[in-house]
Amino acid sequence: MTTARRGTVAPLVAGAATVLCAGTTIVLLLLTDSGVADWLAGNQANQWLGGLCLGLTGALVLHAEPRNLLGPLMSAAGTVALVSAIGFQVADLADPGTAVRGVAAWCGSVLWLPPFLTLLAALPLLFPDGRLRSPRWRWPAYVAATAGAVAVVSFATSQYALDDSDFADVHNPLDLPVPDSVQVAVATAGILLCLLVGLAGVVGLFLAMRAVGAPQRARYAWFVASLLLGAAASFLPVPDWTSFLLTIAAYVALGVGIVRYRLFDIEVALSRAVVYGTLTLLALGVYFVAVAALGTGADGGLLPALLTAVAALLLAGGRQRLQRWVDHAMYGDRDPDRALAALGDRLGSTMDPDDVLPATVEAVRASFHLPWAAVRLSGEEAPAYASGERPEGSAEFPLAHAGEDVGVLEVGLRRGERTLSDADTAALTAFARQAAVAAHGVRATREVRRSRERIVVAREEERSRIRRDLHDGLGPALAGISLGLETASRSAAGTPRAAEMLDDLRQDTTACVDDIRRIVADLRPPALDNDGLMGALRTHAEHLTARTGGTLQVRIGENGWQHRLPPAVEVAAYRIATEAMTNTARHAAARHCEISCHHDEEHGRLHLEIADDGTGAPPARPGTGLTSMRERAEELGGTCMVVFRVGSGTRVVADLPCAGAGAS
């Protein structure tokens, strides 16, 4: 049989079974001695109507969504409930003492429990698509299934099941030799566990209602409406016909929530119902408190009624505030003004430009309850900042400032959404217009940083070139001239005046050579060219240990890498490390200092850390050394942080980018 044919036959069979059982109950009712009026006034009528509505709703779901597990589950539960109603009627018609009466009475007294537990636990967990909302609901589902099965078995095998109904004279054919009190306790515990799981499912549904988009939110709103209608039918002191209508409306709302949730704007109606229901309960609470405080009966005196009227007027004044609170609790901040205000508050407290985009993305996620959001700046393929787990579907909103395209705000669609609702689209469009200003500022800041980094790299490369020219060209030339002048001075020994002039020129040339050597050393430490970064740091550490007489032991961590880094990075790392070591020797009163250096080739970063075991006391005011370390790192687009730990020492942590920092 094809899938399409199964999808047509299954709902017909389910619907026919439900209608057949419901019709059989009515026919048997007409054959019994008890009147229809008595039947309508008892619980059997509610059970019959609930089973009929539940079975037909299951058939409707089977027809609309054949893969939805709620369809067969509700159909089976409705049919079992109607079989229980049939059992009551057959037991009334059967002769006392017969096996037929015993089996029928057992069916009527026991088979109402499985459908009840289905509505209690399974429906909140599996609504609306017949699947658990997330894997973490598996264990509650297992607990509910186990507890429900134990409750049904315990109840079905106890005599209490029949004694508590109209068939106390009938012996339970499945009665076990176990005290009824034990079986009742076990069944009650199982039902309570199912109740707790069901309540947890309802709470989880409310939480999910805030996190999903408008289409899925409408489905949950229909379920809540069904829940409220069912509670009203069960607990409100209303006439029987009103209770029947509320029951029918509850199942209609349940079915609509699964298969036709876009039929009406249920969210508005539901939020209004919650608000006015809350106001009504508060007013009734004031009335009963007034009656109890004044010691008058519910029918005695007008004072309680007057107090209630005054309270109702005062509560009505706060209706709009309560409405805003309910809307926020159920659906979050879909108001663009609130979202923009939240963004303004976050940016107002943000000082570091690096935190602007994270604050913007987190604000849009929190305000609209989105699973994922990101900002991608123009000219960049990867997002500048992203938050959350990216779903399959997404929507983009362009970020434009002063007619310039500065990037894109991309948001992930919520579970169950194919597109954003019109309200969300309008709100996010307004949000994107303001977020574009922040993105423009971040983009401008990044361009300034990149420009400064290029200048620093070009400066270091030019210094390296000048150093090579001075060291390899002008320096040796001047040294050669100095030697020539010395030779000429010796040759002119017989001419004192000429010899004196040549000697002066030689001394001036030697001074120029010394100046060039000093300039070369200032342009770039010679140890970097001779030994590389690690070798230069090791040499400096050995000299510093020797100068302190061994009171400070400086150790360079071994990491095995010997390759060269871009000149700008090597100079910055060397200057930061030597400045930190000098500060340790001068101010820290430390015994040990350790330098570790790690080159992250995958991400193109150099991580440098200098730690000592000194006093860790911060200076009264930052000196030029600390400032220069931070500036050297920031010039390359990196960071340098000094952490003072009083009594435990000081840590200097630098992170320098190597990619794009110039050729080695």
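We number each residue from 1, going along the chain as drawn.
Just so you know, glycine gets a Cβ as well, placed from its N, Cα and C.
Helix, strand and coil counts under DSSP for the domain 'Histidine kinase/HSP90-like ATPase' (568-660) come to 33 helix, 33 strand, 27 coil. Under the heading domain 'Histidine kinase/HSP90-like ATPase', TrEMBL lists 568-660.
What TrEMBL records for 12-32 (among others) is transmembrane segment.
Residues or ranges marked as transmembrane segment in TrEMBL: 44-62 (among others).
The transmembrane segment annotation in TrEMBL covers 69-91 (among others). Residues 10-11, 14, 17-18, 21-22, 24-25, 28-29, 31-32, 44, 47-48, 50-59, 61-62, 100-101, 103-112, 114-115, 118-119, 122-123, 126-131, 166-167, 170, 258 of the same chain lie 6 or more positions beyond the ends of the transmembrane segment (69-91) yet place their CB under 8 Å from a CB of it.
The list of residues near the transmembrane segment (103-127) in space but at least 6 beyond its ends in sequence, with Cβ under 8 angstroms from a Cβ of it, reads 47, 50-51, 54, 69-70, 73-74, 77-78, 80-81, 83-88, 90-91, 94, 133, 137, 140-141, 144, 148, 151-152, 155-156, 161-162, 164-165, 167, 170, 172-174, 191, 194-195, 197-199, 201-202, 204-205, 219-220, 223, 254, 257-258. According to TrEMBL, the feature transmembrane segment maps to 103-127 (among others).
If you look up TrEMBL, you'll see 139-162 (among others) marked as transmembrane segment.
If you look up TrEMBL, you'll see 182-208 (among others) marked as transmembrane segment.
Summarising the annotation, TrEMBL assigns transmembrane segment to 220-238 (among others).
Under the heading transmembrane segment, TrEMBL lists 244-261 (among others).
Taken from TrEMBL, the feature transmembrane segment applies to 273-295 (among others).
Summarising the annotation, TrEMBL assigns transmembrane segment to 301-318 (among others).
Sequence-distant contacts of the transmembrane segment (139-162) (same chain, at least 6 residues past either end, Cβ-Cβ under 8 Å): 105-106, 109-110, 113-114, 117, 121-122, 125, 132, 168, 170-172, 174-176, 178, 180, 183-184, 186-191, 193-194, 197-198, 200-201.
Across the domain 'Histidine kinase/HSP90-like ATPase' (568-660), mean pLDDT in this model comes to 86.
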